[in-house]
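So that you can see what the record holds, here are the features copied from Swiss-Prot:
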BINDING   H83, H182  heme b b562 binding site
BINDING   H97, H196  heme b b566 binding site
BINDING   H201  ubiquinone binding site
TRANSMEM  33-53  transmembrane segment
TRANSMEM  77-98  transmembrane segment
TRANSMEM  113-133  transmembrane segment
TRANSMEM  178-198  transmembrane segment
TRANSMEM  226-246  transmembrane segment
TRANSMEM  288-308  transmembrane segment
TRANSMEM  320-340  transmembrane segment
TRANSMEM  347-367  transmembrane segment
Amino acid sequence: MTNIRKTHPLMKILNNAFIDLPTPSNISSWWNFGSLLGLCLIMQILTGLFLAMHYTPDTSTAFSSVAHICRDVNYGWFIRYLHANGASMFFICLYAHIGRGLYYGSYMFQETWNIGVLLLLTVMATAFVGYVLPWGQMSFWGATVITNLLSAIPYIGTTLVEWIWGGFSVDKATLTRFFAFHFILPFIIMALATVHLLFLHETGSNNPTGIPSNMDMIPFHPYYTIKDILGALLLILTLLALTLFTPDLLGDPDNYTPANPLSTPAHIKPEWYFLFAYAILRSIPNKLGGVLALLLSILILIFIPMLQTSKQRSMMFRPFSQLLFWTLIADLLTLTWIGGQPVEHPYIIVGQLASILYFLLILVLMPAVGLIENKLLKW
């Protein structure tokens, strides 16, 4: 009798995705982040569900309801901090996953890559609307500043902003709709992630060499299931350490002050995972220009497959491209640091130079070096 996992209509899908899936024998720990992102998503949905049972999306009670969760609900403080720091872990995994894709040329699977970019945008939108919900000072002013950027759109900008706000400022209507978005988006992310996986399994995984590995595959289970479990344990350990020892390390103290439309915080800044984009936005002294640069800083990922000039897929055997890749990482870390600094000398000029370098590396230097490496290999 054939095993039920190979015949049952539902089990067959799971079997082909997680058990009998042929996988390259040489994929490194950088390939762990996909499963870790799945784990993060499940954790966020579960903790978020329990938080939503006690949260009230109303300007007069939102802040108090979060305080109530932390003080009065059984393990409410734990669920709340798991959810907040879980978002940080989510973005760490997300950026590592994208970095892996850039380094090893995984972006050559175009459908998978494009859905991945769409997933990134959806996760960023979810994190943004979620940050507004506690209704602290940074929640309110972050929402005001970021939604206001849409007013830079010619002709329809102002109307669009007021439509999103549901009034003439960020108020009760805004909070209610942001809660609705924050609740629905993770399920959209889940659906997109399934499609992401579907397209990946059409081609099979890439591997560190970038060379087709059809002749050297091993079953996903037990080899990569055990490897994924190790990654998951390390992720959970890190998340628990962060949550139980320094739960507010990555948060903003301003968000412990209830939202006050009459008092602007000295430094309005987003959570750490958006700082690089925020620095790019601020580095252009023009509203529309800044908004376009902000959008392009993320959407540039869509154009990466078109900018591939090297005849080798992976950077594994391309030392000059590796140098530029790590320069890009250093540049992004610089932008992240600048995004958290006040707008004054020398931070302004450093941010502008880092922003120029970011686009220069991706659009000009990396494709040029790819061509040079081809020449060096007489290809």
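For all residues, glycine too, the Cβ spot is worked out from N, Cα and C.
For the pair H196 (heme b b566 binding site) and H182 (heme b b562 binding site), the Cα-Cα distance reads 21 Å. Only sequence-distant pairs (6 or more apart) were considered; of these, fewer than three Cβ pairs between the transmembrane segment (288-308) and the transmembrane segment (33-53) are under 8 A, so the stretches are not in contact.
The distance from the Cα of H83 (heme b b562 binding site) to the Cα of H97 (heme b b566 binding site) comes to 21 Å. Below 8 angstroms of C-beta separation, residues 30, 33-34, 36-37, 40-41, 43-44, 47-48, 50-51, 66, 69-71, 116, 120, 123, 127, 130, 235, 238-239, 242-243, 247, 250-251, 271-273, 301 of the same chain, each at least six residues beyond the ends of the transmembrane segment (77-98), sit close to that stretch. The transmembrane segment (226-246) makes contact with the transmembrane segment (33-53), as judged by at least three Cβ pairs under 8 Å among residues 6 or more apart in sequence. Between the CA atoms of H182 (heme b b562 binding site) and H97 (heme b b566 binding site) there is a gap of 23 Å. When Cβ neighbours within 10 Å are tallied across all protein chains shown, the highest count among the binding-site residues H182, H201 belongs to H182.
Listed in sequence order, the residues of the same chain lying 6 or more apart from H97 (heme b b566 binding site) and placing their CB within less than 8 Å of its CB are F33, G34, L37, G116. All protein chains considered, the CB of H83 (heme b b562 binding site) has 21 other CB atoms within 10 Å.
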